[in-house]
Amino acid sequence: MVLLSKWTAASSWSRASRTASSGTASSGTSSPGTATSRTPASRATRPGESCPGSQPGIAGPCITKLDFTAVFTHRTILAATCIHKCTAKACYNHLILELLRRTCVVVVVVHIQQAGTDVPIAIRARPLRKNINDLQASGAQWDLYILGLAAMQKDKSEDDKLSYFQISGIHGRPFIPWNGVQAVPSGSGGGYCPHGNVQFPMWHRPYIALFEQVLGGHIQAIAANYTGSRAQEYKTAADNWRAPYWDWAADGGARLPPVTTQATITVNGPGGQVQLPNPLLGYKWQRFPLNTASNYFPRSGDRNCWAWPQTTRWPNANGNNRPSLANQELSQDDLKAITYNVFTTATDFETMASTGSTGNSFEAVHNSVHAAIYAVMAYVEYAAFDPLFMLHHANIDRLIAMWQAIHYNDRMQTQTLPSSALFATAANTPITADSPLKPFYRDTSGNFHTGRTASDIKTFGYSYPEITDWNQSPDALARQVTVSVNRLYGPGGTSAKLKARHNPRHSGYAAHKEYTALVDLERSELPLPCSVSLYVNGEFAGKISVMSMPASGIMHSTVPLNKALEKLGKSMDVPESQGNNGSPATNGTAAQQPAVSSEDEEIILQKQLSVEIKSINGTIFPVSSAPSLKIKVELQHVMTPGSEDSLPTITPITTGPLAKPVEHSTSY
């Protein structure tokens with residue numbers, strides 16, 4: 001079920017613990033604005049009152065089962081029934097502030113419902129997640145977003161399962177169970193999130209949806225406080241609000257959004273204009289110093305993650321952010337070109353999905369953005385506490401959804417692959433499209449979301465500006481999204497610039513060479529987190545960012561070499577005499593396989609290639625410390641498409657041998 005015009009069913013709550021699973025209450029149904037029908041209880045328990053489940057003779061904790069079945073407003077009445085026959089009824093606000101603080105154990109279900117509509121899903125428009133720059137100019141939705149995020153960060157105790165702290169902690173630290181989903185033997189003891197793993201894209205989808213739904217609850221509650229002529233405007237804005245994204249790959253996007261760097265922010269609140277501490281700047285820990293006694297936030301780690309009262313970005317000695325350093329790092333990598341390369345070269349889900357497969361992946365460019373925003377964002381176990389995390393991951397989800405729209409017959413994984421060790425997943429567990437995405441439940445029967453159930457964004461009731469998938473065929477949508485990809489991330493950027501590559505001497509389009517370094521490495525040999533930078537004849541070509549988790553396992557990534565080669569004066573044009581597979585050759589003869597020139601051979605054999613391994617604190621490590629680090633260089637010919645609704649034609653030419661790289665020297 002999906003969303004139409006109301007924010008519905010933020011969560012459902014279900015499932016008893018192992019000790020009391022046989023007593024779980026059955027799920028009921030309801031219509032928006034009404035309470036869920038339940039079996040009469042033996043007595044009523046007011047919000048905030050202790051459950052009798054702790055009384056002698058009753059095994060196990062109190063297990064509360066809740067259904068969020070109507071819109072998120074202060075008028076919504078919810079019902080709760082626990083296995084110990086206590087009940088509670090409250091509005092949404094009281095439920096969050098009071099009921100969840102009881103001794104009851106609750107289980108969140110990430111699910112969107114839509115009642116009272118017979119509009120077919122295929123033609124039903126959904127609210128859009130917007131670029132943060134567009135949202136900032138939206139008026140009411142921006143006001144609600146800032147006020148809602150501020151409320152989410154500070155209004156709930158960090159012990160609350162739906163607090164900003166606890167939801168952020170799902171991704172990594174403090175490495176504790178969330179929503180009753182326990183650690184497993186042979187797991188990592190780390191976070192739930194899969195990195196370097198085919199589940200990477202689909203796991204983060206319900207995670208963002210959970211954050212979006214909880215934040216949406218705060219937004220709805222705030223919107224209900226606007227009165228007079230503004231009431232309807234803010235109600236409508238709240239109903240259609242969705243989490244924004246930060247497009248760091250588009251022109252001008254490879255810098256922190258300015259609004260995320262300012263200390264205070266002014267918005268229009270229910271009582272008029274209000275200035276408040278900027279919730280996008282960072283998360284201020286409610287309990288500081290952080291808990292180190294339980295090893296939640298150990299002092300053995302990078303002090304810039306835990307030593308300051310608020311999350312930081314390139315902090316100085318006083319803990320003050322230095323956004324210019326983040327911007328410098330973001331601009332160093334050609335995020336636009338790397339993103340476009342994923343769209344043009346990754347033709348199967350597994351390659352697109354993660355660094356666990358050879359080739360260009362969205363996870364690799366995702367890693368680069370994380371590393372560029374040191375400190376908290378550079379560590380997987382801390383990253384989700386920075387408000388930039390959800391902006392960043394909403395964009396990754398958007399890019400993946402765009403790729404899925406183009407490759408609509410390959411929307412989910414088809415191979416069975418081993419999992420790395422995670423908090424709730426044992427190492428080497430076989431992973432398929434139907435494997436659970438823990439800890440995210442999808443129904444009240446205890447079933448988790450899977451790669452299959454999360455593969456369609458309709459499931460979660462949102463879309464993106466480039467994906468208007470209602471009332472059009474998959475093929476038409478694929479062409480529409482391809483146009484957006486070419487305009488946003490292509491080398492020309494616009495139709496006119498694409499056609500500027502046209503060779504008027506024949507009916508084809510000019511081809512160019514593309515050199516790419518394919519890198520393999522074993523994480524356990526590296527000083528995590530770290531970067532592996534590649535140089536061509538001393539010219540910086542690009543780098544691979546290796547995250548702090550997982551701590552072991554083979555990683556595959558790529559570095560485009562063209563920019564460095566062009567700076568060295570190398571031409572990327574394909575000589576006309578060589579032709580190009582898939583393009584007309586002179587005199588109407590079939591194109592021949594292009595020859596490899598001596599200059600090509602020198603590049604492919606890595607005669608000019610060198611590598612530098614650098615830890616997050618700037619320490620240089622010798623290449624010999626990573627014996628598994630190997631590189632091969634690939635040459636392809638790329639023919640620019642003649643129309644914006646198609647992607648380039650890529651012809652593999654040759655690939656050099658897998659070889660150990662040489663140490664980079666500053667003497668170049």
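Cβ atoms here come from the backbone N, Cα and C positions, even for glycine.
The model shown is predicted, which means the values in this text are computed figures rather than measured ones.
TrEMBL lists 18-47 with the feature compositional bias 'Low complexity'.
Among the features that TrEMBL reports, region 'Disordered' is placed at 18-54 (among others).
For the domain 'Tyrosinase copper-binding' (386-397), the residues of the chain that approach it from at least six positions outside its boundaries are 129, 132, 149, 168, 171, 201, 204-205, 207-208, 211, 243-249, 256-257, 260, 279-283, 311, 313, 362, 366, 369-370, 373, 376-377, 457, judged by C-beta separation under 8 angstroms. The domain 'Tyrosinase copper-binding' feature in TrEMBL is assigned to 386-397.
The region 'Disordered' feature in TrEMBL is assigned to 571-599 (among others).
Annotation source TrEMBL lists compositional bias 'Polar residues' at 577-596.
Per TrEMBL, the feature region 'Disordered' maps to 646-668 (among others).
Among residues of the same chain six or more beyond the region 'Disordered' (646-668), those with a C-beta under 8 A of the stretch's C-beta atoms are 343-345, 406, 479, 482, 485-486, 511, 514, 518, 520, 533-535, 537-539, 580-583, 593-594, 596, 600, 604-606, 609-612, 622-624, 629-640. Secondary structure of the domain 'Tyrosinase copper-binding' (386-397), assigned with DSSP and counted as helix (H, G, I), strand (E, B) and coil, comes to 10 helix, 0 strand, 2 coil. Assigned with DSSP, the residues of the region 'Disordered' (646-668) fall into helix, strand and coil as follows: 0 helix, 10 strand, 13 coil.
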